[in-house]
Amino acid sequence: MAPANKAERKAVVDASAWMFNVVTSVGIIIVNKALMATYGFSFATTLTGLHFATTTLMTAVLRWLGYIQSSHLPMAELLKFVLFANFSIVGMNVSLMWNSVGFYQIAKLSMIPVSCFLEVVMDKIRYSRDTKLSIAVVLLGVGVCTVTDVSVNTKGFIAAFIAVWSTSLQQYYVHHLQRRYNLSSFNLLGHTAPAQAGTLLLLGPFLDYWLTSQRVDAYNYNIVSIMFILLSCTIAVGTNLSQFICIGRFTAVSFQVLGHMKTILVLIMGFFFFGKEGLNLHVVLGMIIAVAGMIWYGNASSKPGGKERRSLSLPTIRQQKPSNLSDSNEHDSKV
């Protein structure tokens, strides 16, 4: 009975983690869209720096209250992670500016095969035929409903290349560092968020000025725009935390594949809130294909041999386990 209860509890926690990530991710997209499109706050990199500053404050409060205990992450690992993470943020912003929306979406989709490649090379993961086919179906479905015009230029391709590889490496390292150093999601955020906040708030205003030709300090702040910024920062805490929880419990590939459900939900909500002019047969067909692929992936990857590690020799640095927030750091043998 105990194993069944443990499996049921894990399923509930897994589903809750995914729902937490979906709700916060979709919520922050809607809030940021209103902030940037309606109120003209187009300083995406600086806003991301504020997100991590708020996340840093949250982890500091939790540590002060005793919910997060001290842990260790080597400086070399921290610098490597922050480098990948910041290149990911900057690369995505530049890629969106320099590329067509269609090529930007293709670049985002390519993160899945890149993440698969990293897991195969770095972690010796082996995928079954059904798992590979299900990933292909997800890519096809999301591509059908999101990719429209596609035009490529040299500098846009370079920006997209950097964005794809840095994002894939950052997400891989979230899972790797939690396993390697036995860190909970809260512990890892406590190490990485301050460094990301500091670097992005320092470089963000200059990068945003380069991208938009506008200065963040010259923006016409008012009570409504400030409320939206605060709301965005608050939701971002949940988004950052839920990403670390999901990747820590699963892998970067699973996070990418199942994460495209957020893309589908954003499209559906856009139809409800902003009119149905984008709703047509090929978009609906793409959604159906993508959701079918996600369901297939979930079933295929959970079967014996669907996705397994050929070597489990990764050493683990044992640390004192947090007493209150340890659920986010359950390391299961399944990958």
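Cβ atoms are placed via backbone N, Cα and C, with glycine included.
Taken from TrEMBL, the feature compositional bias 'Polar residues' covers 313-327.
Per TrEMBL, domain 'Sugar phosphate transporter' is recorded for 23-297.
Feature annotation from TrEMBL assigns region 'Disordered' to 302-335.
Per TrEMBL, the feature transmembrane segment maps to 12-31 (among others). Proximity of distant same-chain residues to the transmembrane segment (12-31), defined by a Cβ-Cβ separation under 8 Å and at least 6 residues beyond the stretch ends, is recorded for 228, 231-232, 235-236, 238-239, 242-243, 245-246, 249-250, 258-259, 261-262, 265-266, 269, 327, 330.
Annotated transmembrane segment per TrEMBL: 43-66 (among others), in sequence order. Beyond the ends of the transmembrane segment (43-66), by six or more residues, the same chain brings 32, 35-36, 89-90, 93, 186, 189-190, 193-194, 196-197, 199-201, 203-205, 207-208, 211-212, 214, 216, 219, 229, 232-234, 236-237, 239-241, 324-325 to within a C-beta distance below 8 angstroms of the stretch.
Listed by sequence, the residues of this chain that lie at least six past the ends of the transmembrane segment (78-96) yet keep a Cβ under 8 A from its Cβ atoms are 44-45, 48, 104, 107, 156, 159-160, 162-164, 166-167, 169-170, 173, 177, 191-192, 195-196, 199-200, 203, 207, 211. Annotation comment: TrEMBL describes 78-96 (among others) as transmembrane segment.
The transmembrane segment feature in TrEMBL is assigned to 133-150 (among others).
Among the features that TrEMBL reports, transmembrane segment is placed at 156-174 (among others).
The annotation transmembrane segment is assigned in TrEMBL to 186-207 (among others).
Summarising the annotation, TrEMBL assigns transmembrane segment to 219-241 (among others). Beyond the ends of the transmembrane segment (219-241), by six or more residues, the same chain brings 20-21, 23-25, 27-28, 31-32, 34-35, 39-41, 43, 47, 50-55, 58, 185-186, 189, 193, 328 to within a C-beta distance below 8 angstroms of the stretch.
Under the heading transmembrane segment, TrEMBL lists 253-275 (among others).
For the transmembrane segment (281-300), same-chain residues at least 6 beyond its ends with a Cβ under 8 Å from one of its own Cβ atoms are 128, 130-131, 133-146, 254, 257-258, 260-261, 263-264, 267-268, 306-307. The annotation transmembrane segment is assigned in TrEMBL to 281-300 (among others).
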Short question: which residues 6 or more past the ends of the transmembrane segment (156-174) have a Cβ under 8 Å from it?
77, 80-81, 84-85, 87-88, 91-92, 94-95, 98-99, 103-104, 107-108, 110-111, 114-115, 118-119, 122, 188, 243-244, 247-248, 252, 255-256
What mean pLDDT does the predicted model reach across the domain 'Sugar phosphate transporter' (23-297)?
87
